[in-house]
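Sharing a structure here in structure tokens format.
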């Protein structure tokens, strides 16, 4: 052994013990070069490479060491045994991770077989310290399964990944609720400029040719389309500044995605109206079209001539979509799978007959210039509102202090009668009343437009001036509002009579769900119309003034802002942009869940979309969809992979549904991810560019993957964190109600999705495999515990520990079977030796079953402050042997069972956190192994019930297995608090690999 080589090896060993595997490997390489005759150096190198997850190079190093040992293996039998086991592990994980190919295994088959054979004989002869079960586990139980099916890992990987993309990642609600948020309320965002108050201009002119032709923007949910149209406008402005050469290269794709088909039908109507606007130069017709778009966009009712135009467009759109192929403008594409639901909505609107007076009666104008009804708020909302009011009063005081006396007299805060020498003293003496007076005149720092007073009187948008003569009494009413700030009874009656007799409801605000008497008392089809429509007009007006010498940053700074003028200018710009970019842009309309559709793209399972459509996007705006789908955890795992690899690429979202529930941004991120924003980079390989989601927006971007292992969480940290994630997935806590309700619907499918994502981030396959192997053993030793409070989860929870004990994971193993079998050949880590003997490995064995069910009770759908709404994503399914127990034996004691309660025994019950379909009053569908159901469960007379995973309410009457129908074929020790203890056994085993 060369002295230089020995010193290099010792330095490598020091680095190995410090878990700096890549650096250790470089020293072992140098040692091997310094003394190529010793098998120790390539052996140690292979150990470091294995720990770093570099399985292909590990195999090479193992076989180099074996070559030096082959002539006399008896001289170092323990080294031969180590090399053999390490080779089998590296082969298993390398093949699963696609780091080792079928060709490589075939090419080196003889070397692999000789080392395996020699090590087996030496062990059988008792010449090694490695126990026999090590060889059985890695060679016979693991590698033999993989080697016999090597080609399938290439041939079936894509199909398995597509199968995984079809498994539901969220717990289902007990009853499906059709969401329809027809009129948005976000400030308008142009993704080429940035996000809200955070300028982040997209420098299109510096993009390389290949990226300039692949610009892509996704809006999910797209809602009323305001951000998509604004981004089209911004893109057009950037396009005009490109050189002629770059213009020829320029191509852009927009994906307008929403889970609500009614919303997409509405957006399509407006897009066709914009297309119609580009087809005429007649000034009157153009004004009518723009008015029709405005009333469709934000109006509760509209003039009859607008209604007729809208109905014509609805009929035209139905005809276009049902043609083969669809007859749409060349820049517009509707994904075929989305068409049936959209046309059904269009048909509903075409036949709808509703009363204008009734529509206006239920329409509440919720002006943001008026304070909200505090009595309707929950505790968290009230706290947040009071904080906001206090901050607003402080801002107003600071403004009044800084204003000149002359300005304060001018705006009416100080009476003119106060002597100039006394004015400042008067202000200080009367500051509180001065603040009150100012905030009445300028609510929340904004000017109250005259049209706001008009709308409070009549609940209709003022028509454009060119069309106002068609409306009896409107000119007189408007002049009266302008001069007197209110309407007298006679003038108001004349205007309302005309509206009730001549105007029509905006049918695009109506959805079939509004006929449901359970959800909407009366069930008369009228939607709840509580909206501040002029807030949208103000946002549009601000967007229109975003550039130029008169650019503004404050909305509602003039009393003369008119919705018709603001909307008219906006739709003019949008239509001109669509016309100019007609052969350079595609607007794709796609109906589906945001993460579900993006994961399909990632898995290449988006077969309904044209192949040339992008699967990665330059920028995405997710609105507040994350509020409902497990927040930034889901966003990072299922959305970030679809962001392009470019420094300017990113996604952004805001929070609206429950923002008042969180103390701050750290608590927001921790509740969903169990991490703080700074930790997300190290654990999840994602940069949080802007974390202020509770007050502004969150902006995230992907980092180049895979990340160096030195920049990621350690194995101990990763296992501790993943243990917390797992425990809180299978036993989620309760949430508060109303606007403080936190939605955490991730199930075990999402947990598996996280593991696959983490492998892509750069974590070695065997780290993830070791974690899963312990779970699959049926129990885990840990000092961590699920959160049992009410969401949101305080950051202090991360430090909580309990007495180490062995918890049960067996209740969730059958669901893991479904997931593993479905995704088997796509898993980037080898579970061949960890899977229980009775598990299926065949994706075709996983099938869909349907059960007709009856409810144990009807859950109230009426109040948002309902703690057990059937629309909460809280369903779990319990399967159990009905001859041994009833549902309460598990549901009422699940926390204790998890903590180690021996009864009911493993194998007598299990739980599914994912379901294909749930309607607790009629039917439930789920996936299970056909073999398991037919050969085991049917003989043992199993039954099934649905229950809520937070309150434990049983939702359905038990259904015995003989009533299940097959409806479709298939398309350990970790988490301990002491540093380093979490993976001590695994780590000490790794150290033993060194010589």
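Using the three backbone atoms N, Cα and C, a Cβ is placed for every residue, glycine included.
When I checked TrEMBL for this same protein, it listed these features:
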REPEAT    5-38  repeat 'TPR'
DOMAIN    184-297  domain 'DUF4470'
If we skip the immediate neighbours and take only residues 6+ beyond the ends of the repeat 'TPR' (5-38), which ones have a Cβ under 8 Å from one of its Cβ atoms?
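The answer is 44-45, 47-49, 51-52, 54, 64, 68, 708-710, 714-715, 990-991, 994.
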Is it possible to list how many residues within the domain 'DUF4470' (184-297) are helical, extended or coil according to DSSP?
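Residue counts in helix, strand and coil order: 60 helix, 17 strand, 37 coil.
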Count the residues of the repeat 'TPR' (5-38) that DSSP assigns to helix (H, G, I), to strand (E, B) and to coil, and report the three numbers in that order.
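When I sort the residues of the repeat 'TPR' (5-38) into the three classes, I find 27 helix, 0 strand, 7 coil.
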Express the predicted model's confidence over the domain 'DUF4470' (184-297) as a mean pLDDT, rounded to an integer.
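Mean pLDDT across the domain 'DUF4470' (184-297) comes out at 96.
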